[in-house]
Each structure stands twice: as structure tokens, then as C-alpha cells.
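Participant: Structure provided below as C-alpha cells; questions to follow.
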Amino acid sequence: MKFIVKLYPEIMMKSKPVRMRFTKMLETNIRNVLKKVDEDAKVQRQWDRIWVKVPNDKPELAQAFGERLACIPGIAHVVQVDEYSFTSVDDIYQQVLPVYRDQIAGKTFCVRVKRTGSHDFNSIEVERYVGGGLNQFTDAIGVRLKNPEVTVNLEIEGDKLYMVTKRIEGLGGFPMATQEDVLSLISGGFDSGVSSYQFIKKGARTHYCFFNLGGAQHEIGVKQVAYHLWKTYGESHKVKFVSVPFEPVVAEILEKIDNGQMGVVLKRMMMRTAARIAERMGIQAIVTGESLGQVSSQTLTNLNVIDRCTDMLILRPLIAMDKQDIINECRRIGTEDFAKSMPEYCGVISQKPTVKAVLAKVEAEETKFSEDLIDRIVEQAVAIDIREIAEQMNTRITETETVVAIDTNEVVIDIRAPEEEENKPLEIEGVEIKRIPFFKLATQFADLDKQKTYLLYCERGVMSKLQALYLIEQGYHNVKVYRP
């Protein structure tokens with residue numbers, strides 16, 4: 001069994017050197033991701049496609065491979081195929097017939113062929129021959145070229161016939177690391193998750209910068225969002241997660257800054273700090289989730305004033321998106337439930353915010369800050385490899401317990417993603433098992449029976465530890481981590 005990875009059309013339009021570089025990078029990215037699923041994964045690059053071979057003795061890996069490929073930037077779509085050899089057009093038909101006889105019975109169908117290589121026939125001739133045979137010697141209703149119920153997709157390359165058994169849509173975009181790195185400001189809300197994802201999809205290695213305004217609970221929640229985005233869409237490359245203790249800045253704003261200017265001043269301080277951190281990391285651009293007119297600090301006038309605080313390029317991919325469109329995208333990429341349970345701290349700072357800030361007035365207000373405030377904040381910022389989030393949680397999860405056995409009055413919660421749970425169901429005789437995906441746990445845990453103890457389970461124990469710590473920070477103490 002094989003997968004044929006089709007390149008995103010924008011890659012195909014590049015010049016030959018650029019196209020080769022992008023394709024080679026995509027091959028490397030695919031290999032990096034799939035090797036974590038199985039060491040025997042084979043990835044081979046061609047001019048216009050990339051082949052992925054599922055080990056013959058491990059056909060069960062096909063679904064896992066397909067799911068991972070669907071989340072790798074730079075891929076238009078993936079087709080799962082079975083491989084056959086052929087000697088003639090009739091030989092092709094004879095091999096297609098037993099595979100599709102039952103599938104097209106009582107249905108309309110058509111045959112579509114894509115061919116590469118030198119042959120004494122063309123694609124249309126194969127479509128007519130195979131389609132005619134299937135129409136004559138099966139119980140199909142007939143051929144329908146437009147909107148058929150079943151499409152028989154065949155690909156021919158040299159003397160090999162590939163029958164397409166499944167088509168998986170890809171992310172599109174460019175392969176990771178074909179663009180320069182960016183530093184994304186992430187709060188855990190709807191907007192910042194989507195803006196981060198859009199730059200991952202565009203091929204930029206996206207590092208995360210979090211301004212902590214709400215203590216450990218806020219940081220844990222944001223780390224879950226960042227880890228989810230990286231693990232799902234950007235796992236092929238290492239990135240950094242930078243946590244900035246921003247409470248001192250907020251304290252000085254509340255104490256010293258005019259109420260109407262607070263929101264704009266806060267954003268300017270964030271941009272200054274992020275720019276300093278980005279420069280240290282060799283990054284040339286900051287990404288934010290700001291959308292025009294969404295809140296008072298996001299008017300054109302205020303955004304202009306905010307941008308004047310630094311020479312660093314500030315990118316706003318959501319600038320013209322409606323809020324509902326952002327939420328819909330948030331739901332699609334799997335960060336909606338995180339965002340729903342994430343507290344919002346920035347919105348309470350200014351009671352009567354200005355929508356037309358004057359640069360001179362803002363700069364005058366900023367002279368009230370302690371001279372070394374930004375320097376102190378930058379020095380206190382902590383940057384970690386995002387892969388270390390799980391290890392870091394291990395050192396902070398002393399308040400909870402990891403268990404291997406299950407006692408009475410304990411319920412196991414399988415927090416894996418639905419498709420992962422379906423592929424490998426957790427079954428424990430005599431034990432109640434609830435299935436609540438990790439991204440819904442924060443919003444649904446409060447509805448559970450508080451008299452019971454809940455054991456969180458996931459395959460590797462990473463997300464279960466993050467979720468346990470998050471729930472403990474929220475005041476729940478009837479939670480443990482289950483590691484059988």
C-alpha cells in the first residue's frame with residue numbers, strides 16, 4: 001500500500017530551482033513526521049509528487065499515515081493507492097473488474113485515468129475500455145460522466161497501475177521552513193491560535209511568545225494551545241515557547257497611565273518586548289491575531305500608533321476576517337474548546353478606551369514607566385523548546401498522582417482525539433470509561449460527578465499531564481493521571 005502526495009499548485013508554479021528546494025523540504029518534513037509513527041516509513045521524492053510506502057507487514061499504519069499527511073503544510077491532497085503491474089489495457093481492465101464489481105453494482109459510475117510515461121495508448125482510451133467493460137459485465141446502472149455515484153480513479157506510471165482507494169485533502173500552503181521564522185504572540189484565545197496556524201500553513205517556522213497576565217493557570221492553558229498547534233501541524237521542526245512575566249507592566253499601567261490610553265500603551269509595550277525577544281532569536285517579524293475594528297485598540301488609528309513603537313515587521317493575517325469566520329477556523333483546527341475556557345485579561349484594563357489615540361499623548365504617558373522596565377521583563381522571559389512542555393509539566397505536577405492500577409470509585413477518562421480513540425479503543429474490564437477529547441475536557445469536567453476520582457488517559461501521557469495540571473490549577477483535586 002502506498003500514498004501519492006500531490007504538491008500544492010503554488011509550488012508547481014515556482015521556478016525549477018525553487019520547486020526542487022520546496023519539494024525536497026517537503027520530503028524531509030514528511031519523513032520527520034512519519035518516522036515518529038513508524039521507523040520503517042519510506043518516503044521518496046519525484047519531480048511532481050512524493051511517494052510514501054506503508055510497510056507491508058504493518059497495513060494498520062495506513063490510517064495513521066493518512067491523518068499525519070493531511071496536517072503537513074505544502075500538500076494539496078493525498079491519494080491512497082494499491083499497486084499492480086500490467087501488460088496491456090485489457091490487463092488493466094481485468095484487474096479493475098474484481099475490485100470495483102460490487103462497489104458500482106446498482107450505481108452510476110465513471111472512470112478517470114491519469115497517466116505518465118510512454119505507452120501505446122492514452123488516458124482516454126483506457127477510460128473508454130475499462131468503463132465499457134465495467135458497464136457491460138457488472139450490475140452497474142450505467143456510465144455517468146457528470147456527478148457519478150462512484151468514480152473509478154486509476155493512475156498509470158510506466159508498467160505500474162495504481163488503484164486509488166482513498167483521497168485525503170491536504171492543508172495546502174508551503175512546506176515548513178521554506179519561509180523565514182516568525183514570532184507569534186499567543187494568548188490562547190480564538191484569534192491568536194488561528195493567526196499562528198496560518199503562518200505554520202504558509203511555511204514559516206512559528207515560535208510562540210506568551211505574555212503572562214493571569215498566573216500559572218493562564219500559562220498552562222496557553223501552553224496546551226501552542227503544543228496542540230505544533231504537534232498537529234508543525235511537528236517536523238523544533239520551535240520555541242517564550243513565556244514573559246508581564247504582571248509588572250500591567251501594574252505600572254494601572255497605577256501610572258491615563259485610563260483612556262491603557263489599551264494602546266499595553267499593546268505597544270507588548271510589541272516592544274516581543275521585538276526585543278525576536279531580535280535575540282534572529283527573527284524578523286511578529287505575528288498577532290488582531291482584526292480591524294474588533295476591539296478599541298484595533299482601529300486603524302490605534303494600530304498605526306501601536307506600530308510606531310518598533311521597527312520590527314508586524315504581521316496581522318486576520319486583519320480583514322470577521323469574528324465568526326475566525327471562530328469557524330478555530331473550530332476546524334481544533335483550538336475552539338481551548339479558547340472557550342481561556343480567561344481574557346486584556347479587556348479589563350481600560351474602562352473608557354480611546355479609538356483614536358494620538359501618538360504624542362501616548363508617548364508622553366509612556367515616560368511615566370520605570371526606565372528599566374522592558375529590560376527587566378526581557379531578562380525574566382523564559383524560552384523553552386516546545387517539546388519540553390511535557391517534561392516541564394512533570395516537574396510541576398507533584399500535586400497530582402500518576403497511577404497504574406484503578407480503584408473503586410475511580411473513572412477513566414480517555415482524552416485522546418476521537419479518531420485516535422476509534423483506531424485503538426481503550427477497554428478495561430469492569431471499569432467505567434468516559435470519552436471526552438482533551439480539547440473539550442476543560443468545559444465538560446465541571447459537569448461530572450464530584451464524588452468520583454477521574455483518571456486521565458492518553459497514549460503518551462503528555463496531554464493527560466497537561467490537562468491534570470490545568471484542572472488542579474482550576475481547583476479540582478479529584479483528578480489523577482492514568483499510565484498503564
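Glycine too: its Cβ is placed from the backbone N, Cα and C atoms.
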Participant: Which single residue out of Gly260, Gly289 does Swiss-Prot record at the ATP site shared with Leu185, Ile186, Lys267, Gln298?
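Facilitator: The record-listed residue among the candidates is Gly289.
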Participant: Reduce the DSSP letter at Gly289 (ATP binding site) to three states and note it down.
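Facilitator: The residue in question, Gly289 (ATP binding site), is coil (DSSP, three-state).
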Participant: Compute the C-alpha separation of Cys458 (active site, cysteine persulfide intermediate) from Leu185 (ATP binding site), stating it in Å without decimals.
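Facilitator: Their Cα atoms are separated by 28 Å.
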Participant: Can you give the mean pLDDT for the domain 'Rhodanese' (406-484), rounded to a whole number?
Facilitator: 84
Participant: Which value in Å gives the longest Cα to Cα span across the ATP site residues Leu185, Ile186, Lys267, Gly289, Gln298 as recorded?
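Facilitator: Value for the max Cα separation, rounded to a whole number: 16 Å.
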Participant: Look up Ile186 (ATP binding site) in the DSSP assignment and reduce it to helix, strand or coil.
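Facilitator: Reduced to three states, the DSSP call for Ile186 (ATP binding site) is coil.
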Participant: When DSSP is mapped onto helix/strand/coil, what comes out for Cys458 (active site, cysteine persulfide intermediate)?
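Facilitator: Reduced to three states, the DSSP call for Cys458 (active site, cysteine persulfide intermediate) is coil.
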Participant: What same-chain residues, at least 6 away in sequence, bring their CB to under 8 Å of the CB of Gln298 (ATP binding site)?
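Facilitator: Gln298 (ATP binding site) has long-range Cβ partners Glu290, Ser291, Leu292.
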Participant: If you draw a 10 Å sphere on the Cβ of Lys267 (ATP binding site), how many other Cβ atoms land inside?
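Facilitator: Cβ-Cβ neighbours of Lys267 (ATP binding site) within 10 Å number 23.
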